[in-house]
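Record features, source Swiss-Prot:
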ACT_SITE  Asp63  active site, proton acceptor
ACT_SITE  Asn129  active site, for ring-opening step
ACT_SITE  His131  active site, proton acceptor
ACT_SITE  Glu136  active site, for ring-opening step
Amino acid sequence: MNVLVAKTANDAERIAYTLIKERISGKHDFVLGLATGSTPVGMYQMFKQDALDCSHVTSVNLDEYIGLSPEHPQSYNRFMKDRLFDEVPFKQSHLPQGDAPDPQAEAARYEDLVRKLGVDLQLLGIGENGHIAFNEPGTALDAKTHVTELTESTREANRRFFDRLEDVPTHAITMGLDTIMNAREIVLVATGERKAEAVQHMIESVPTVDWPATILQAHPGVTVVLDGAAASRCAESLQARGQEAATRFFTIRD
């Protein structure tokens, strides 16, 4: 893993955005894996501020709630339109269909689509319990796109987007860990002290289903971008190297 520790959350978002921008610039066709939740919002704002040309980019999102139509205000389809797609046109954009009549069949369809496209770069966040996408603790490390039941901690974390906890869906369609690992490059962003324990396990623990993000250690092209709070439980030597790496990142681009 290549770990960068930025001074602020905004700097961490800027690093991740810059990496994405550099990868897609000048390419004829590019497949970009996108995420939802609070982590990527600042980056999507940067896409809009720069009017980044994504006309040659096909996007695939990690997951979608089951039971919500694409136009439901809390669906991830609506999230992506409101925060990115309505202002930054992509060549094509794909998400799982949350209101598909057969979620299992939809998961299989989406797995096939993602595999055929081939993801060049996948953007990730990480949950407090170490989940990536909706791969909760206990998910098989070789899981493909599947239907998953959300843990109470994940539903509670997403409660802020709904009127009541009871309104938060209980299931979702998510890319599996094996699906994510098939991306050519991965950029994971984590900020804030609430993510510190999960980040520590992701980097320092042996790969385990108890902390799904630990599987990323086996990927040859992972960049982890943190702020100081998210890195605070990692070894001091790693924090120091990460801070130096973040400083170099900005210096060579000035």
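Quick reminder: no glycine exception, Cβ is built from N, Cα and C everywhere.
It is 8 Å from the Cα atom of Asn129 (active site, for ring-opening step) to that of Glu136 (active site, for ring-opening step). According to its DSSP assignment, Asp63 (active site, proton acceptor) is in a strand.
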